[in-house]
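Asker: Pasting in a structure now, in structure tokens, and then I'll have a few things to ask.
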Amino acid sequence: SFEGRVEVYHDGKWGTICDDQWDDRDAEVVCRQLGLSGTPKALSWAHYGQGSGPILLDEVQCSGNELSLDQCKKSDWGQQNCDHIEDAGVSCDPFTVLPFPSPPSPTLAEGMLRLAGGRSPSEGRVEVYYNGDWGTVCDDGWTDLGAQVVCRQLGFR
């Protein structure tokens, strides 16, 4: 349920993506677009089997911050020079344990974040350093997108 060949729906058809330029930043966007929070890993050479039908995308080059593949730099829909042996795959493995980031430097700066009160260094209440003190962040309007920004700022994937 968290890995497989990546297929996209365009112009009434499902098709595959060629693995030219395919990397973990592209996988990160696919995992995000699917609502999966595991560790993103790009797989090439039809790792999850060859698809059939059209190859709809090629030369996908995401920065990793996009919300969907459609926002990434890529070839025009249907423009490709590939065979299905190059179908791209993704794993969004929820069981991969990532190392904890190194602790922040002792110098405190405005806007610095930390997590407090969690069971591990990778979870907890979000606190921000402002005007010489640590304070909490109100959850009004808080979404997964805000949590992703906090995780990235703290060095987590």
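Any Cβ shown, glycine's included, is placed from N, Cα and C.
Per TrEMBL, the features are:
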DISULFID  Cys18-Cys82  disulfide bond
DISULFID  Cys31-Cys92  disulfide bond
DISULFID  Cys62-Cys72  disulfide bond
DOMAIN    1-93  domain 'SRCR'
DOMAIN    113-157  domain 'SRCR'
Asker: For Cys31 (disulfide bond), what residues in its own chain, 6 or more apart in sequence, show a Cβ-Cβ distance under 8 Å?
Answerer: Ser37, Gly38, Pro40, Val90, Cys92
Asker: Counting other Cβ atoms within 10 Å of each residue's Cβ, which of the disulfide-bonded residues Cys18, Cys62, Cys72 comes out lowest?
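Answerer: Comparing Cβ neighbours within 10 Å for the disulfide-bonded residues Cys18, Cys62, Cys72, Cys72 has the fewest.
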Asker: For a quick check of packing: other C-beta atoms within 10 Å of the C-beta of Cys92 (disulfide bond), how many?
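Answerer: Within a 10 Å radius of the Cβ of Cys92 (disulfide bond) lie 22 other Cβ atoms.
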Asker: Suppose we draw a 10 Å sphere around the Cβ of Cys82 (disulfide bond). How many other Cβ atoms does it contain, all chains included?
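Answerer: There are 17 such Cβ atoms around Cys82 (disulfide bond).
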